Amino acid sequence: MIIAPKVRGFICTTTHPAGCEANVRQQIAYVKSKGPLANGPKRVLVIGASTGYGLASRITAAFGSDAATIGVFLEKAGTEKKPGSAGWYNSAAFDKAAKEAGLYSKSVNGDAFSDECRAKVVELIKADLGQVDMVVYSLASPVRKLPATGELIRSALKPIGEVYTATAVDTNKDELIEAHVEPANEEEIANTIKVMGGEDWELWLQALDQAGVLAEGVKTVAYSYIGTDITWPIYWHGTLGRAKEDLDRASSAIRQQLSSKNGTANVAVLKSVVTQASAAIPVMPLYIAMSFKLMKEQGIHEGCIEQIQRMFYTRLFDGEFVTDDAQRIRMDDWELRESVQQACRDLWPQVTTENLSQLTDYQGYKAEFLKLFGFGWEGVDYTADVNPEVNFDVVAM
């Protein structure tokens with residue numbers, strides 16, 4: 001079939017297999033261009049491995065450090081009538097490239113919140129790798145089925161305490177709007193912590209530890225975002241921030257758990273990037289369009305792969321292991337430079353629908369968004385007939 005982009009709300013409902021492969025190949029080429037990672041991991045589990053920072057972590061481990069990788073995700077395969085999800089095609093492309101390079105690659109497609117999924121991964125590690133020396137936790141899901149009760153819990157993207165009102169961009173109409181978001185109640189706050197907090201990360205590390213599949217000196221990282229005063233009302237001071245604070249609690253608990261094997265557990269605070277997750281947060285698209293323009297002008301712009309490659313190569317494995325007071329690895333350091341943030345604050349009141357594309361990198365934001373789904377990649381013939389059915393080495397749960 002010939003596949004064109006169809007955008008509804010903040011998701012693109014179609015995906016392009018060849019474009020997704022181009023995305024993965026480009027990320028691999030970037031990591032290879034940086035040379036090998038001297039003291040990198042060799043057996044890596046990535047939970048949430050199919051898009052964004054999780055995918056970038058899997059690519060960096062494999063192609064920077066020749067690591068064997070197991071990726072866990074929940075994605076949809078394509079059928080002859082309908083394309084699959086971008087994460088499915090990304091993972092298929094990764095698997096193909098890894099095997100071409102002679103690297104071990106296995107994927108598990110299932111609910112990463114479930115005990116069954118954990119058991120399957122433990123079984124795979126025992127059979128194929130023995131142990132893992134790194135566990136990356138990069139899940140972004142709006143819902144979680146609690147393994148103990150089967151109860152389905154939904155998160156809420158809301159402020160706490162008062163209505164949040166701010167200028168935002170309607171990405172469908174390309175115009176500025178006033179966004180009003182009602183504050184969360186106590187139940188919504190608790191639910192968001194349950195879905196997006198650190199409990200599941202803890203459950204994973206407990207299961208892996210109890211099964212004896214964590215190597216001496218194992219490192220685990222979970223990804224977070226803090227942002228700045230511009231986005232704090234909807235993010236860090238809202239329900240999402242409470243969940244991310246719970247990641248800090250979990251990281252401390254996991255650190256204690258791993259101390260007997262000299263393991264480490266840290267939250268890595270990353271910069272804002274265009275992802276399916278960030279597109280859903282009011283104000284983020286406008287803030288990202290602004291910060292992208294400023295960071296590109298200052299020569300410090302990074303996407304997912306640049307961030308993760310820098311973290312692996314300069315913080316986690318080579319270079320100095322520096323953390324903040326809460327033991328977090330701060331990869332948002334460039335974005336938080338005052339030269340970027342003050343310029344954003346100055347720019348915010350000046351932006352109108354008419355000057356949106358001049359004052360911000362809004363067109364760059366839109367292009368990046370479509371690229372997530374495989375559209376707009378150079379060298380891909382979008383008029384060609386493509387097969388939406390792409391199979392690879394994946395364990396279906």
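Counting starts with 1 at the first residue shown.
Cβ atoms here come from the backbone N, Cα and C positions, even for glycine.
Annotated features, as they stand in Swiss-Prot:
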ACT_SITE  Y235  active site, proton donor
BINDING   48-53, 74-75, 111-112, 139-140, K244, 273-275  NAD(+) binding site
BINDING   Y225  substrate binding site
SITE      E75  site 'Plays an important role in discriminating NADH against NADPH'
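Among the recorded positions E75, L139, Y235, V274, the ones whose Cα sits within 10 Å of the Cα of the residue listed as 'substrate binding site' are Y235. The C-beta environment of L74 (NAD(+) binding site), restricted to residues of the same chain at least 6 apart in sequence and closer than 8 Å, consists of N109, G110, D111, A112, S141. When other Cβ atoms within 10 Å of the Cβ of the residue listed as 'active site, proton donor' are tallied across all protein chains shown, the result is 25. Put simply, E75 (site 'Plays an important role in discriminating NADH against NADPH') is 8 Å from S50 (NAD(+) binding site) when counted between their Cα atoms.
The DSSP secondary structure for K244 (NAD(+) binding site) is helix. For the pair L139 (NAD(+) binding site) and E75 (site 'Plays an important role in discriminating NADH against NADPH'), the C-alpha distance works out to 12 angstrom. Summarising the environment of G52 (NAD(+) binding site), the number of other Cβ atoms within 10 Å of its Cβ, over all protein chains shown, is 26.
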